[in-house]
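Shown next, in structure tokens, is the structure this report addresses.
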């Protein structure tokens, strides 16, 4: 093995001829491997590429050539590969070459071109200096170009047609093809090698593909013009290659023999240092800054960061390339082509790059990107609602007449919908101006569009001004009527036009402007090359959205809009002038209460209008998916396909490459080998017992009439489909094996691409990113409880989940133990090497041979052993002839029985009876294969190797005769084929930093699967300056082990520019590892997935779906030939996922259900209609397509948090097709606990916030056709916006409820009869008719809960299609009874909160979710602090408003919202394991008390004070000052204050909005409506007093406490270390008392009225919240990262705080903070106790923990998890009992006290009947609301102004 000068091996120990035989062993190869290596050597010397990188890319290129050459000839393979990378129609380099007009640069020069913007002025300036005219240069070039076009030859493409070159192809393409055709084979290789070498060392620049293209172009120009270019390989070079190759083939060679070559490698880092490092440094400095501690931190938001895409887009246009300047000020384009590469190292990149798209953190992106969504809904809502709101534009509407408006008024008001469409477009254009810098040459010129939109707005709005401005509402004009009709038609046309046309091509696509000059060709190529739909896909796409909106508009009009008609009529004319109002505001506000309520109703209905569309999208998508499933045959309801009886034939026709098979072998023999291998693999995985295996295997039996043996098929195939067949128990009940076989059989009934022979299949790589995911469970993790809060170990839990598999495993372990014992005594009954290895890399001979007799005999032998084990473990432990002895000595028998049971106990409990490593490892592996570990992933996907070897062996039976009895040679041949076609690459980023248990896990993996490759990062410090050098390394199981580190030595060690992890981790890990992939395709896999042998057998068909199997032998570079339009390349092939974590409790099943429906049901439809993107696992990627266009994902920190989807959007924009495979599936694990699922939800929601800011959403939203746009929108951002609309609708609805409730509470309702005419006189006279509005409440509740429960529809349909009616119904009711709806409501809140939080604060960050079992109880304080801001605060406000609604306007429909309240407030506790365990509950209460009271004398991370500080820091940000205090470690966020505009809108304007409508409801309920002879009360003053009273008292107490702590704190701290805690306890205790007094004061001021008290309490909470938000956002400075200021306040120790001069003013800031904290503390104290007290009745229910655990975990009643109690040591148990007694007493004392204070006001009226009399005669008379007032001023007491008779019908005035 050869080595570099660092002593690092250059390549793996394998022969190139064996690794790449299709190329290296083909004598017709146009370029030999020796010549290829010489090319690499020369390029490495010339450009300074690393030797290790050169070797890596050498093998990379050979692997791709071999992959292509295996299915065509070598020459075609070379041409096709060159076409894919560089010269072909679909190559990214060619697209960039013409987009950036590099062809003109070569012919004319950028300096002589007529560019745009500043580039144009600079060109003119430099041309003037040179004394030339750009116009003359262009004129001469155009003349030469025209002469060239006119002289193009005429080509004959077929017998019947002549195609003229000047008509069918451009001159540029002709020149390009001519240039490519002139390249020799060696030139093709050289260009490929140069590109790969540049790509291999590009590091982060791989994320900027066009930048890399430019670097390659410069290097290529230098190479072409260099005198050192290789023309031939001399004998010296060939001799040197032979020497290298010989050493490469010898694994024991000594690297010292190459010491003399070190001089050749001295310059190997030149390319990295001069070209890549400057770009990397620029990128790093953009993203990070060094803080005062020398640590790199991210402070800038996206709008201030020039990221990968900004850098990349500079190279899209010639104007960008022209702007590249050197450090001396010269332009790069002014240098000759061949010199530019050498000048790249002198470029001043900081003066070159600029933002090409501004990712401003703003909701305005949604207006621009989704303008058509807003137009469709807002305009339609206006058309529908305005038509049904005639009272708004009817003059002097009278209810008794129901007089209609004029026709012209109705039509012109409706036509305003067109103006709304125009306004949306205008605002979208204005915001687009903000997001797209004008200096970027790709930016669309928007002035003409804006002028045209303004004209359209005037055209739509102008007639309304004329009709409504010049004619009264009761005047009918014929001209106005005609004009209104025309206006409405124009409005409808405008709305339809704007709703269907992309914003980017509104009045003609700007991309086509200057098309001949290729002005916007780059934007068209890289952002709008969407693959077109055709055939069925087109009909599906348009059909889907036609039916969605047809159903939506019909339902929305008749259900939503018509239900508004009566409420609009009654509320718009309701006269509330009889309200008395407030002493300050009089009745100015209360008289508008009906209009305010109506406005809230309309806003709420509008949110439902948005939600309806998503509802119908889900329904129609499911229907279309059902249609597709039936057409594909994937549904279990497809009756005409006998999937099991036809399975053998389908295995032969669809799994085997039948076209290449030797026909002399019977299909049955071949199929039997495949089937037996599948069954045996399941047996090895302990999914099947020996008894089941016997029933499922093909077996050879003797024939009666002849000596020949026949192959007997298992009866399984017939029995499964034939209902008359006697049932045979082929599988265990609820078996994983049965599920897998069922899917395998069903999948083969679907259309599958025909498989090619193994030798002809392409090479592919499985890439698994790994960071800190568990590799292999250690023994301690398995057999010991996860934490003190756990009641069961992982092993016990797994045994409950997989009891049969555990039983089979124990049997096998006993056999292994017996055989091992037998070997000790020389009984070699079985090879000891048959250790337990699930998915072993070795293939048993019985799997491959058509004669399975050997394996069957071994099974029979094992069965007899198992029978012996079973009988010796049971009661009949003796043989029949020994029964007499049993009768003689029963005592001995009993002792023997007990002894045997004792001997078997370790097996049953732990799976082993010996501490030997081999035994414990078996149990560790068994457990790891049933959890979400890397071992499970690797072992599953290494089945590809087994599948390839199996298929190759079965399809080439002549190999048996070729190798004879030499089984080792046979295995080597199979192994070589598997290694040639498949590579497993695990990107273990931290491998060099692994802990001991991680090293051991990795080593076990490498020993089990030595062909698995591991890429990792290596850090080495330089001795001279301590600078860290980063390397990307590759190793595998054949590498030597370093004795010092215990790690494998690397084969490749490639130096990097710096730390490659500049983003959120996963994408950077993939990027540094991508250079080690091999072949043409990559399957991206997460480290919690699984795969199965039967699925791996389909790999050839999956790869065939890329449509690249048939490679044309025609030279693609024939000039002028354009025979047909090439289809868009397939970039991604998606696959199904089976979520193996389903059925592990309700939460695991919910998470699994969501993943299944999205990955299967929706993916099927989305792929058909072109809406599917890349979502990571387990998609297959076209490696060349993706790696030449930016990689497998994007990596800018924060922005690309959901990294995978950006690769999908990038592929779609650049013309790649994305398909979906329904016949292939992988296993996938999901999160299982409440917290981990919601962590994942938060990550996805926050990631969506980042996506909304991205340029990809701008490109797709403004350029996709309407059907594709809607598919993209509703599958991605629409889902999250829908969740946001649900949350908004609930909040708006309850604002409406409290306003309608106050209206209902204070008015006398009319007698309502829905059958009564509208014009009937309302009784009693003077009443208020709000019954239609009350009825609308029920309609809303029905709508919102349909939207909520529609979330279950996809899962129900998915189960129905694939598992039948019974399974679907069972799973649905399982979810209902397990309270899954509560979880769904909570998840919706988390989604919307994460989305809003990210847009406002930029909260997006990677959250490690954890994938373990959720069997541990989580402390109440942790759950409270985690979810109180997310949902509980909102939930408690909804609770108070719901109570008010029920009290003030009883409606049965409101009861449904208790589900919302319970979910938002209690879901974290309901889904917490053992939440209601009696002892744990009260110990948890102790922990809560400690949590809220700690952190005031010394820093404590888990404390209420720190929780409050972190919440406040979201608004203020952190200071960058560090003093190396422990409290700084937990506050590592960037600390930048959020953008004021975002905080102002979300955190100030929205609370103000809520406060205003709370205020209107509060003031109206106190407005004394209908009360005669009374004076207005001081409603506003009352609200201010109640709000400020506790705040002022807290301020006084805190002032005195500060003085006390400041003066005496330092002295007191000498003798009392808890001074701070005592001070805080006193302040917080006072705050609690003040708020209790305030609560009682509210009762008094509202005259003991419960409804009014609730309303004042709600208004007070909102007002206080608004005041504190203002202080936090506008007044507070940034937080210190440390807690010194907080501690100093309570302790008085302000010295040595490290604040510097800030210590002078810091106490003032801290004073305001502590005032707010006192109120927050009281609020959290009351709220936390309220949550606990509501749970108390449940805790006191007997056996509640037992039933609660059953509901959560879906385990049987005998489960240890539900039955077992935690056993503690006696001392600990005694201490726990003491804690329970103490805090049980405290708990109920506080409960009793609070209950007294709550209940007392209900009986206080007996002591003080009329509280308002207390202040009568004083200046505060109106402060207390009067009680028991008579507000009935209807009937005889009604005002005389109310009409009681029908007035004359008004007549319209008629004018021309």
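Glycine too: its Cβ is placed from the backbone N, Cα and C atoms.
Summarising the annotation, TrEMBL assigns domain '1,3-beta-glucan synthase component FKS1-like' to 186-329. TrEMBL lists 411-431, 539-560, 1333-1357, 1427-1447, 1453-1471, 1543-1565, 1585-1607, 1619-1637, 1649-1676, 1719-1740, 1746-1763, 1784-1804 (among others) with the feature transmembrane segment. Taken from TrEMBL, the feature region 'Disordered' covers 1826-1856. If you look up TrEMBL, you'll see 1834-1846 marked as compositional bias 'Low complexity'.
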Practice task
State the non-local partners of the transmembrane segment (1619-1637) in its own chain: residues 6+ outside its ends, Cβ under 8 Å from one of its Cβ atoms.
Solution key: 1493-1494, 1496-1498, 1505, 1589-1590, 1593-1594, 1597-1598, 1601, 1604-1605, 1609, 1612-1613, 1687, 1690-1692, 1714, 1718-1719, 1721-1723, 1725-1726, 1797
Problem - the transmembrane segment (1427-1447) versus listed stretches 1453-1471, 1585-1607, 1784-1804: most Cβ pairs under 8 Å - result: 1453-1471
Exercise for the section: Count the CB pairs under 8 A between the transmembrane segment (1784-1804) and each of 1453-1471, 1543-1565, 1585-1607, 1649-1676, 1719-1740, then give me the winner. Expected result: 1719-1740
Problem - Long-range neighbours of the transmembrane segment (1719-1740), counting only residues six or more past its ends (CB under 8 A) - result: 1420, 1424, 1428, 1432-1433, 1436, 1465-1466, 1469, 1475-1476, 1478, 1481, 1485, 1488, 1492, 1504, 1508, 1590-1591, 1594, 1628, 1631-1632, 1634-1635, 1664, 1668, 1787, 1790-1791, 1794
Problem - Of 411-431, 1333-1357, 1453-1471, 1543-1565, whichever stretch has the most CB pairs under 8 A to the transmembrane segment (1649-1676) - result: 1543-1565
Problem - Intrachain neighbours beyond the transmembrane segment (1585-1607), with Cβ under 8 angstroms and 6 or more residues off its ends - result: 1619-1620, 1623, 1626-1627, 1630-1631, 1634-1635, 1637-1638, 1641-1642, 1645, 1656, 1660, 1663-1664, 1667, 1689-1692, 1694, 1707, 1711, 1714-1715, 1718-1719, 1722, 1823
Exercise for the section: Kindly report the helix/strand/coil residue split of the region 'Disordered' (1826-1856) according to DSSP, in that order. Expected result: 3 helix, 3 strand, 25 coil
Practice task
Go through the chain and flag residues at least 6 beyond the ends of the transmembrane segment (1453-1471) whose CB is under 8 A from any CB in it; none is fine as an answer.
Solution key: 1146-1147, 1234, 1290, 1297, 1337-1338, 1341-1342, 1345, 1379, 1381-1383, 1385-1386, 1389, 1420, 1423-1424, 1426-1427, 1431-1432, 1434-1436, 1438-1439, 1442, 1445-1446, 1731, 1734-1735, 1752
Problem - For the domain '1,3-beta-glucan synthase component FKS1-like' (186-329), mean pLDDT (0 to 100) - result: 78
